[in-house]
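Below is one structure, written out as structure tokens; the observations come after it.
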Amino acid sequence: MDGRLLLLLLLLLLRASGPQGQGPGTGGPEEAPPEEDGVLVLNRHSLGGALQEHPALLVEFYAPWCGHCKALAPEYSKAAALLAAESAKVRLAKVDGPSEPELTKEFAVTEYPTLKFFRAGNRTHPEEYTGPREAQGIAEWLRRRMGPSATRLQDEEDAQVLMESRDVVVIGFFQDLQDEDVATFLALAQDALDVTFGLTDQPQLFEKFGLTQDSVVLFKKFDEGRADFPVDEELGLDMGDLSRFLVTHSLRLVTEFNSETSPKIFGARILNHLLLFVNQTLAPHQELLAGFGEAAPPFRGQVLFVVVDVAADNGHVLQYFGLRAEEAPTLRFINMETTKKYAPVAGLPLTAASVAAFCQAVLGGQIKPYLLSQDVPPDWDQRPVKTLVGKNFEEVAFDETKNVFIKFYAPWCTHCKELAPAWEALAEKYKDHEDIVIAELDATANELEGFPVHGFPTLKYFPAGPGRKVIEYRSNRDLESFSQFLDSGGELPAAEPSEPAAPVPVGARGPVIRGQRRGGRLGGRGAGCSPAGVRVPSQEPPANSTARKDEL
């Protein structure tokens, strides 16, 4: 072939694969990814380009069927709008996880929604999102990563303006702003979104606030007004110690329980809570609040004092403690880790001295916890599915002549409702077997010593014979599998379970206090649609799944 003709053909090929042809390897502009309500919609082809174009990118991996994702969607869009209005150099994006298995595998997505924050196009080390689920919180989390997380204070006027801006303000006083303690302080400020932070190295401000060494000072418009955290001159600033200090002192000595304060109560990391139940529409009840508050200061950091108004929308709290509104005023003590509950002697007068004494007696192990139990229904054994409560559980479950199969459920749980027909059919099938009992127990209204329930429904099998043996059933939830299990004497069916129990976060020893998510945060995995193991489902959520106790 003539050399000139060959050159001409090569030029024509290059032109065909150029920007107009959008051929591979041309370096031509990629098509911009679509947007939905200000949020970029990405896939495996467009993610790389978006990371290069946007130096700060928050990406949500979601599933179309996920209820938590649907609840997050409007807040996520509002956050995008807030940041766009500020011309912030950060974008929000989303990826349909089930449709992009390569990306979910690459970024180790094991539940929905999962949010990851990418900086400077770094695809290999994104930061896990640990902020709230609402628009302002999402925007603030990103602001603190894009700009300084604490305001630099130069003089008394700066300090005064900052202190007047919020009920709780934290100021770091450091003689050298290049010290590593400052980096620790700023890192903590990035995530403590409920608190406004400032820092200074100005000697006049050290003198103004009576400080002679590096310190972190919490200023508040209630209770003591101020709390100091001196920096250890040898060990430096410990983030864990400082975090506990801020959480402890940013809460009021007495907090009223409501939808606004509950995230702070459960996020306080103070495990012991003392609750005063009162009817605040009654003057005699209101008079008890002063004595309750007087008892609180010595227990700061050890016991959280909470007021629950029985006249407000707090029926779920009463239910959790097995109380009726008419029983107020009264006290209850709970350890949030063990969920053990304690009650004072009936008729105890509620004074500052008696409240403090009750509190001290519980902490000292002088009072035994109580367990909730409904009364045994008179017809508890008349239906094929027997009704168990705390008071008759032991005698039925550990009857050495019976094989007892129990469903632990929650009345509000959709998974439990879906299981109900199969459970009823199982009981009907075996109703004439003298040695087999099919039963159920409402685990939100009955507590059992030594039998924690971590998800709904939970199925346990108590075989006949001595030894108090217990087998947890973890297999398919259908009549055939249940029957095979019973007929084999408690051997699990060979078939692989279609859905193992979903992991359960801290959070639900019942439908109440723990039912509030900790601060509404995603980072703690307080709520999410969790696939089986690390497998990401491709379409619909499996039917044989387990409800988390905080999904109310």
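Even glycines carry a Cβ here, placed using N, Cα and C.
Just so you know, TrEMBL annotations never went through curation; they're auto-generated.
Annotation source TrEMBL lists signal peptide at 1-21.
Residues or ranges marked as domain 'Thioredoxin' by TrEMBL: 22-147 (among others). For the domain 'Thioredoxin' (22-147), the number of residues in each DSSP class (helix H, G, I; strand E, B; coil) is 47 helix, 29 strand, 50 coil.
What TrEMBL lists as disulfide bond is C66-C69 (among others).
Look at TrEMBL and you will find 346-491 (among others) tagged as domain 'Thioredoxin'.
Marked as disulfide bond by TrEMBL: C413-C416 (among others).
Marked as region 'Disordered' by TrEMBL: 488-552.
According to TrEMBL, the feature compositional bias 'Low complexity' maps to 489-514.
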All-chain count of other Cβ atoms within 10 Å of C416 (disulfide bond): 22
Counts by DSSP class (helix H/G/I, strand E/B, coil) across the domain 'Thioredoxin' (346-491): 42 helix, 27 strand, 77 coil
